[in-house]
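Participant: Found this in TrEMBL, in case it helps:
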type     : residues : note
SIGNAL   : 1-25     : signal peptide
DOMAIN   : 60-145   : domain 'Cytochrome c'
REGION   : 150-174  : region 'Disordered'
COMPBIAS : 155-168  : compositional bias 'Basic and acidic residues'
Amino acid sequence: MPIRMTLLAVTAGLALVASLGSAYADDKAAAAVASDENGKYADKDGNPTFKIQEDGTVDWYTYSGFRRFNSDCFVCHGADGAGSSFAPALANSLKTMTYADFLSIVAEGRKNLSAGKENVMPAFGNNKNVYCYMDDLYVYLRARAVGDLPRGRPAKHEDKPPAAKEAEASCMGG
Ligand code: HEC
């Protein structure tokens, strides 16, 4: 009897850890714009977010993220983040993934060796074309996941803010 109780407690504990691990959920309300720093938007927690106006105009970073995604991610993750037989649909993944987790997976990569598969997410921590645009990628995929951003190239976007030009020059040049 005592052994059984212990097992039950351990199982309950594991279930709790598992549920805590997946508790994060993003949605439109959480992603709402709370601040604007030179055309770069953040939510109430200070994490980067997208802005989509009523006529469909997206902020610069969301548009830039679309372009970066199409040059460096889409071959594995599918058009518009819809996934492929090889890599997960990031338009779903970001519904439950924090900004911090996104940054670390993209920088460090990941390897899933389960079920005899060898699906590898490459590490992009040394690739300027990716790490200089991490926030762009994040807000684009966040907009796809929770912001109703339609598939395809955003038709209209805000102008590139001077701050984006400066950040790009110093990151790409440095
Ligand atoms: C060579 C193919 C490939 C490329 C290119 C690639 N990925 Fe991945 N990515 C994968 C695979 C495969 C996985 C799943 C790995 C696993 O299951 O551990 C993955 C997983 C991820 C995850 C975790 C998803 C989840 O649901 O847990 C994120 C986030 C991610 N990739 C972002 C990106 C971004 C952003 C880019 C472009 C800068 C990119 N990936 C480019 C193959 C790729």
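For all residues, glycine too, the Cβ spot is worked out from N, Cα and C.
Each of these features: where is it, how hidden is it, and who are its neighbours?
Facilitator: Mean predicted confidence for the domain 'Cytochrome c' (60-145): the pLDDT average there is 94.
Counting only same-chain residues 6+ beyond the ends of the compositional bias 'Basic and acidic residues' (155-168), those with a CB under 8 A from a CB of the stretch are 37-40, 55-64, 132.
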